[in-house]
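Colleague: Dropping the structure in here first, questions after.
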Amino acid sequence: MGSPVLPDLGTEILIPVCAIIGIGFSLFQWLLVAKVKLTPGSAASNNSGGAGKNGHGDYLIEEEEGLNDHNIVLKCAEIQNAISEGATSFLFTEYQYVGIFMVAFAILIFVFLGSVEGFSTKSQPCTYDPLKLCKPALATAGFSTIAFVLGAITSVVSGFLGMKIATYANARTTLEARKGVGKAFITAFRSGAVMGFLLAANGLLVLYIAINLFKLYYGDDWEGLFEAITGYGLGGSSMALFGRVGGGIYTKAADVGADLVGKVERNIPEDDPRNPAVIADNVGDNVGDIAGMGSDLFGSYAESSCAALVVASISSFGINHELTPMLYPLIVSSVGIIVCLLTTLFATDFFEIKAVNEIEPALKNQLIISTVLMTIGVAVVSWIALPSSFTIFNFGTQKVVKNWQLFLCVAVGLWAGLIIGFVTEYYTSNAYSPVQDVADSCRTGAATNVIFGLALGYKSVIIPIFAIAVSIFVSFSFAAMYGVAVAALGMLSTIATGLAIDAYGPISDNAGGIAEMAGMSHRIRERTDALDAAGNTTAAIGKGFAIGSAALVSLALFGAFVSRAAISTVDVLTPKVFIGLIVGAMLPYWFSAMTMKSVGSAALKMVEEVRRQFNTIPGLMEGTAKPDYATCVKISTDASIKEMIPPGALVMLTPLIVGIFFGVETLSGVLAGSLVSGVQIAISASNTGGAWDNAKKYIEAGVSEHARSLGPKGSDPHKAAVIGDTIGDPLKDTSGPSLNILIKLMAVESLVFAPFFATHGGLLFKIF
């Protein structure tokens, strides 16, 4: 079968070094962002010339067209502090509740897995080689619990650091917009890169350290070691679920309240400082789209790595104790960090943004460049880190696979991600006809806008599903479930770049809000609006990546669960499986209903509060009195904390209830059903919401003759577009993105508890 070119020592050096380079690069980007000062004294020197790199002679607008520069900088700093404090306060409150859950669930993991062998401390015959002795089930219970806590903490830290970076950078992006759109773009993008590289590198480094520490105990029992490591993915995703749902409810309650009263009823601009919900809205962008997305993509990365490692441990890599091929998924991720580092330089150093219409192509090029470079990187890695031929576990048999076939598995996932990204862009960017058609439908009111938007979302599912289907077919044909797992890893291998362009969106959105609240000129606001419109599309692309990778990750975890639970076949014609299938397909609808209603309930309270303040605070509309921002922030915080618990409980309890009472066969049906329906709803919801948002921005920007015929702000078509955007907000930022966590989390939870379900599950069928 041959040996890999890369020695084990090379692997043990390569992975941590790449992770440390990623952390170092993110800190370097942060230092560059930090050069933009938020103090008036240094602002003068900072703003003295705009003709530097990416400034292109864009002159500093004459004293902000009559506004005192010192006051502008101080105002920006004040608003940034309010947003940062609100976001930090919310996350600390959320993490207190989530911490209680984390401790309770960790105890549950230990008790359930420990009881598989009656808490015995004796070594057991290995599942896949009965002649050998493996570590006791109690050890797996203990180490799975430790891995769960590690994954949960890493997920929480990833989300929190991302939020801190974003709130640090938003006002700095606003101030840089005075020198030109190029300067502002670089500040926002570099800030996004800080989050992207920190998350990718931390996730990789913690997983690598955990494997090496666990190996001190497990020794040659790699099967038990990597089974315990699956807790890492479960911890990451369970935190991501609460981060996504809680953050999504927070941001959309504030956004809907601000838009319905401010834009539709009072006819004031978005982010107008007179609007009481405006600070809560900007806080929400950071806790939902930054902290939530960071935890979400970290969960996907952790789970795809864990799924690949579990299958590899019972393949020739694990059986023969070949370290380098065994850690192939981590090597792919390591190379991904270096590739993303080079890709980032194309946006910040090699090319210059000179005009507004160059922003979106620059972000799109990030995806293309990273995919092309990563394809070359994966080809090299597959040649040096894998034997020319090896075997992969395939439902009870060992399938012979060549290294070039595994390369194709990773590559097909990588390119499927790019296709999903471009399709998402086509359906959500206002540069193309689908969104322009939705905007045009606003001529006849909100109803036709809603009809066109829903149709667009349903239609946008077609090509991504075919891309996912081709990925699954190719990767499974070549390397069974291991192929599917590394295809998911391929899609996520450029996670640092994906997160950079994703985090760029909320940072730009906040920058525009700060410009409006600080009373900056119309020209500055036009620049930040252009950054924000491109960011809307990139956020939609990020969600497309997250959903596509979730489908592949879930299938890989499903395969690992079926193997771990010793199910020979999943036969949909048996009633046990079919009832699971139909119930599983229903769960995403139930979950979506809960999250949508939660946003609606929270938004109702927000609308009432905003109306109350406009009606009872004298001089608020005239701008002579200040609104009570704190009350709106509190409404969003309280509502999101309270409302995130029922959807979270639904996802976390379903596998436990089904596995214990109905057994592993019914649970396999539930997992398959939720995967099939969840992916479709998630793509449709995200793209519908993104299209409605950009249709509104298309009318507001008025860059074409067609757009101007629908405007200006405050016209009937614009009001219809705002209503569409308001309906789409919870779809694209709460329900849609949370669904991909639902399908991943149920699958990884089932995998972790598989030994318990296989031993003690199916109580109802045993009774009857």
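Heads up, the Cβ atoms here are built off N, Cα and C, so glycines get one too.
Pulled these features from TrEMBL for this protein:
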| type | residues | note |
| --- | --- | --- |
| TRANSMEM | 13-33 | transmembrane segment |
| TRANSMEM | 97-116 | transmembrane segment |
| TRANSMEM | 136-163 | transmembrane segment |
| TRANSMEM | 184-211 | transmembrane segment |
| TRANSMEM | 298-319 | transmembrane segment |
| TRANSMEM | 326-347 | transmembrane segment |
| TRANSMEM | 367-386 | transmembrane segment |
| TRANSMEM | 406-427 | transmembrane segment |
| TRANSMEM | 461-489 | transmembrane segment |
| TRANSMEM | 545-567 | transmembrane segment |
| TRANSMEM | 573-591 | transmembrane segment |
Colleague: I need to check the long-range neighbours of the transmembrane segment (573-591): which residues 6 or more away from its ends have a CB within less than 8 Å of a CB in the stretch?
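Modeller: Contacts of the transmembrane segment (573-591) (Cβ under 8 Å, skipping residues fewer than 6 from its ends): 647, 650-651, 654, 658, 662-663, 665-678, 681-682, 735, 738-739, 742-743, 746, 765.
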Colleague: May I ask which of the stretches 97-116, 136-163, 184-211, 406-427, 545-567 has the most CB pairs under 8 A with the transmembrane segment (461-489)?
Modeller: 406-427
Colleague: Please give the sequence-distant neighbours of the transmembrane segment (545-567): residues at least 6 beyond its ends with Cβ less than 8 Å from one of its Cβ atoms.
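Modeller: Counting only partners 6 or more residues beyond its ends, the transmembrane segment (545-567) has Cβ contacts under 8 Å with 127, 227, 230, 233, 293, 296-297, 300, 303-304, 306-308, 310-311, 314, 393, 395, 413, 416-417, 420-421, 464, 467-468, 471-472, 475, 480-482, 484-485, 487-488, 491-492, 498, 664-665, 667-668, 671-672, 675, 679, 682-683, 686, 736-737, 739-741, 743-744, 747-748, 750-751, 754-755, 757-758.
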Colleague: Please give the sequence-distant neighbours of the transmembrane segment (406-427): residues at least 6 beyond its ends with Cβ less than 8 Å from one of its Cβ atoms.
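Modeller: Distant Cβ neighbours of the transmembrane segment (406-427) are 328, 332, 364, 367-368, 371, 374-375, 378-379, 382-383, 386, 434-435, 456-457, 459-460, 463-464, 467-468, 470-471, 474-475, 478-479, 482-484, 486-494, 537, 540-541, 543-545, 547-549, 552, 686-687, 690-691.
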Colleague: Can you name the far-off residues of the same chain, 6+ from the ends of the transmembrane segment (97-116), with a Cβ under 8 Å from a Cβ of it?
Modeller: 137-138, 140-142, 144-145, 148-149, 152, 156, 231, 234-235, 238-239, 242-243, 641, 645, 648, 652, 752-753, 755-756, 759-760
